[in-house]
Amino acid sequence: MKLIVSVMPRSLEEAQALSATRYLDADIIEWRADYLPKEAILQVAPAIFEKFAGRELVFTLRTRSEGGEIDLSPEEYIHLIKEVAQFYQPDYIDFEYYSYKDVFEEMLDFPNLVLSYHNFQETPENMMEILSELTILNPKLVKVAVMAHTEQDVLDLMNYTRGFKTLNPEQEYVTISMGKVGKVSRITADVTGSSWSFASLDEVSAPGQISLASMKKIREILDEA
């Protein structure tokens, strides 16, 4: 599994102050642009992409309806994604499929989409349908993060992930059970077939995240022969 760490600057000054060397242990950087005012995102973008030049990077606009910090109309959402994609070519672009399904066709030319679904309230009963619909669209990566309230919630998502990965070995998945009880899903990614696990450096970007240092130790232990 690859370890992903999010950067969440709230201003140009915070973006410029980021120390890229602190993130060297992360395999991929996620830029959570939703922590900025929407009119500042394109102004801050050059600083982020210069700071992490040569690193794999995910561009994410996590909207409030899916647990993020910003509200965007479909037109604003698509415009910002297309502008960043055109000028900076991030390795991955997160797209909130269920929040912006009506404009998804405008993204069909982008081969590096992370089609995502986030639910900070529960693990919905229709998880299999969600995973199936996202898989059929054949994105670069399917990402599902849902809140776990019981151990069974966690086991269900892990089992679904393993099943879908077995049936679709070429498709990459990232599935996360959020919350304290869901922490185990973050360290068993290789078993379930999940390609990434999100870790924190300073500030967590989702409930239940484990520190990057701890995740590195866990990965080293799991990788031992």
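Counting starts with 1 at the first residue shown.
Backbone N, Cα and C atoms are what each Cβ position is placed from, and that goes for glycine too.
In the three-state DSSP classification, His118 (active site, proton donor/acceptor) falls within a strand. In sequence order, Arg62, Glu66, Gly67, Glu96, Val144, Ala145, Val146 constitute the residues six or more apart from His118 (active site, proton donor/acceptor) in its chain with CB-CB distances below 8 Å. Per Swiss-Prot, active site, proton donor/acceptor is recorded for His118, and the stated evidence type is sequence analysis.
Long-range Cβ contacts of Lys143 (active site, schiff-base intermediate with substrate) within its own chain (separation 6+, distance under 8 Å): Asp94, Val114, Leu115, Ser116, Tyr117, Tyr173, Val174, Thr175, Trp196. Residues annotated as active site, schiff-base intermediate with substrate in Swiss-Prot: Lys143.
Annotated 3-dehydroquinate binding site per Swiss-Prot: Ser6, Glu30, Trp31, Arg32, Arg62, Arg186, Ser205, Gln209, in sequence order. When other Cβ atoms within 10 Å of the Cβ of Trp31 (3-dehydroquinate binding site) are tallied across all protein chains shown, the result is 28.
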Fill in the blank from the handout: Simplified DSSP label at Trp31 (3-dehydroquinate binding site) comes out strand
Exercise for the section: Might you list, by sequence position, any residue in that chain lying six or more from Ser205 (3-dehydroquinate binding site) with a Cβ less than 8 Å away from its Cβ? Expected result: Ser6, Met8, Glu30, Arg32, Phe198
